[in-house]
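Here's what Swiss-Prot has on this protein:
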type     : residues                                                     : note
DOMAIN   : 31-212                                                       : domain 'BPL/LPL catalytic'
BINDING  : 76, 77, 78, 79, 80, 81, 82, 83, 143, 144, 145, 156, 157, 158 : substrate binding site
SITE     : 140                                                          : site 'Lowers pKa of active site Cys'
ACT_SITE : 174                                                          : active site, acyl-thioester intermediate
């Protein structure tokens, strides 16, 4: 079984989270571990991926959007999405050379991880043709946007546990106009987010065939003031 590390944090500002990813990326690139899974939440923030769609997917004046949350253009695939408290953001920094050099398979396994997680709560979730992510009916509960460099992945997934979904009303999330978003809470499941994180780690381990040892930020030589 592959050997990896998991880093569990609390609410971390978006750009600090990016720096943590880059530190983890370097550790994986050096071969010190097969992969690092970072789990955290962000303060309210909108991010726009390389697919763009800046103008048509923001439904309010830009100044109004920026009053609600920060806004960043980022390196991941996809268009605009929202991150905020109550949403688990998982950044799997994995060396695909240790699995298969297949990005589509990696995304499929990310989806499978969340589908299996939701099964634990009696929620039937699945995929939707032409779209990435995990869906419950016609509503997306987990968005996926990754980047890959030298076959090492970064960025990742955003899974709605008890997120304030009103923030999604200001955008066409992921550029999708015909379908909505949902959360575990909206589906009637009120679970402590830390317990959901634990189950998520188990499902990552199961689907990707990797054993995780928990680490701290000190292991990545990051000076951080995150609320762990």
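Placed from the backbone N, Cα and C atoms, the Cβ positions cover glycine too.
Where Swiss-Prot records a feature, it is marked here on the structure.
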{"residue": "76", "record": "substrate binding site", "DSSP class": "coil"}
{"residue": "82", "record": "substrate binding site", "DSSP class": "strand"}
{"residue": "140", "record": "site 'Lowers pKa of active site Cys'", "DSSP class": "strand"}
{"residue": "145", "record": "substrate binding site", "DSSP class": "strand"}
{"residue": "157", "record": "substrate binding site", "DSSP class": "strand"}
All-chain count of other Cβ atoms within 10 Å of residue 140 (site 'Lowers pKa of active site Cys'): 26
Diameter of the substrate binding set by C-alpha atoms, the set being 76, 77, 78, 79, 80, 81, 82, 83, 143, 144, 145, 156, 157, 158, in angstrom: 15
Cβ atoms near residue 76 (substrate binding site) (within 10 Å, other residues, all chains): 18
Other CB atoms within 10 A, centred on residue 80 (substrate binding site): 25
Inter-residue C-alpha distance, residue 76 (substrate binding site) and residue 140 (site 'Lowers pKa of active site Cys') (nearest angstrom): 18
